[in-house]
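Taken verbatim from TrEMBL:
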ACT_SITE  Asp111  active site
ACT_SITE  Asp307  active site
COMPBIAS  456-470  compositional bias 'Low complexity'
DOMAIN    93-432  domain 'Peptidase A1'
REGION    53-74  region 'Disordered'
REGION    447-470  region 'Disordered'
SIGNAL    1-27  signal peptide
TRANSMEM  584-607  transmembrane segment
Amino acid sequence: MALPSISSIGATFSLLIYLSLPYSITAGENNLLHQSPTARSRRPMVFPLFLSQPNSSSRSISIPHRKLHKSDSKSLPHSRMRLYDDLLINGYYTTRLWIGTPPQMFALIVDSGSTVTYVPCSDCEQCGKHQDPKFQPEMSSTYQPVKCNMDCNCDDDREQCVYEREYAEHSSSKGVLGEDLISFGNESQLTPQRAVFGCETVETGDLYSQRADGIIGLGQGDLSLVDQLVDKGLISNSFGLCYGGMDVGGGSMILGGFDYPSDMVFTDSDPDRSPYYNIDLTGIRVAGKQLSLHSRVFDGEHGAVLDSGTTYAYLPDAAFAAFEEAVMREVSTLKQIDGPDPNFKDTCFQVAASNYVSELSKIFPSVEMVFKSGQSWLLSPENYMFRHSKVHGAYCLGVFPNGKDHTTLLGGIVVRNTLVVYDRENSKVGFWRTNCSELSDRLHIDGAPPPATLPSNDSNPSHNSSSNLSGVTQVGQINLDIQLTVNSSYLKPRIEDLSKIFSKELDVKSSQVSLSNLTSKGNESLVRMVVLPPEPSTWFSNVTATNIVSRFTNHQIKLPEIFGNYQLVNYKLEPPRKRTNNNIVVIAIGIIAVIVGLSAYGAWLIWKRKQTSIPYKPVDEAIVAEQELQPI
């Protein structure tokens, strides 16, 4: 789970790999205990979790390799989902998933080494403060608990199935299993589907402190979301991940099959070897020269494992020593410096103040992963280096020794700007170098039009009008909280320009868009955007408001580079303000006028009566001598 400092990120989010031998979808998952060979906090090799043992009545059910006819496979839809965050800054990549009716949104860590999807539950008394509110089963009309049965672990009352995950870095998650509708976003061809997931009741360690809400499990096992969709015949037995580059972040995920590039490099992946996605790595080349290593070096323990939940790469000691020596030989003219954290002996180099990632390939050598088939997968420097967090223009090796463990673990750093296809149907893994931020355009991956109602980002309908849109047809105001990757001092003098750009992109009048509440968030900014209807007496339809929000959610708004990247953090749709009926107003004014008139008339009568009661002296008694005008 991610920690603020880069030096400890590998220790936190690389810890999500775990073994899962499958049962039925309500069963527990067996995991082998593998102790970390060293106390070094950056190490991610914590292969198994400790799990509660299945009930004595449980039976293990082996899963046959899922195969679909090719004709059927091509006709199935897929779900294209956007990735957020950054591997080294945040420690993970997340995607958005919506659960329940009405939908409740969650930011979940993408993990190909996990086999269960879980989110915090509303009755969790020991869950941290995360990005989104907890899941509220009581607010979902489609939620059902998974009842206790012979193939799962049960709660103390033997009423509901439970799960438990304990990670070797001392974090844990446990809770109950539930089933509900899961939605995959506006870019998905896949309609909402029922699936089993974990509803957390206890979190500890980094799971408690992380900003992300939970985990989406893409591993091999009956509780895996991929397996559940495949078992129902909804998608083909495949998925793809594409992580952004060193300066970009984000990316894409595709659940199901799609047309792969013809020049994609594939390698065999043996599902019987372990529940992890392994590849048949036999060697490494640095600057075109093969390292003097026997292929058996990469075949120990679980082989060469590819895991999206691990941050860095970890090689057996002999392989790491040869790799480090070869890289240092190629960059011998560079000055070596200390790493960002004095607790680690990182291999770091001072490069140049320009700090351009595109220039790194001219400085650091190319690296190739060689497969048993003879094909190789070319890595650029951003696939094995990370930026020094304290020294401008410095970079460090993102590859580390694995101590006593003989497993080769390739984390997310090695697949930056690389489309990785997990072709489970054919037991292969493919690699294709690409710009992951432009993946959809380059592959022409079609999504689906926005739905009539946008999934909510707040699980409490009473606090957010957008949570209960099914009966709302009129929207009087749209509030959007947008995070931009530029600091507030830079953005402040350009706020009017940004407002005009937003109005142009949304095809509305500039007077309908206003930006306020500009706040600083480190090197990023958070701004509140309000979109109003064209006239005070009008409103947006539900569909129009939904389309406006979905354009931000799906990153369809194009901003100039000077404003960096943006992300929709939160939104709220407010109903129109109640307007008083004009007839009532006229009547009220008339009544007030009558009352005022009668009051005035009554006051005049009283005054008149008082005037008639005053005694007057006779006129002759009141004669006053008249004075003549004197000449000047």
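From the backbone N, Cα and C atoms, a Cβ is placed for every residue, glycine too.
Where the annotation comes from TrEMBL, it is an automatic prediction and has not been curated.
These numbers come from a predicted model, not from an experiment.
Cα of Asp307 (active site) to Cα of Asp111 (active site): a span of 7 Å. Neighbour density for Asp307 (active site): within 10 A of its CB lie 23 other CB atoms from the protein chains shown. On the 0 to 100 pLDDT scale, the domain 'Peptidase A1' (93-432) averages 92 in the predicted structure.
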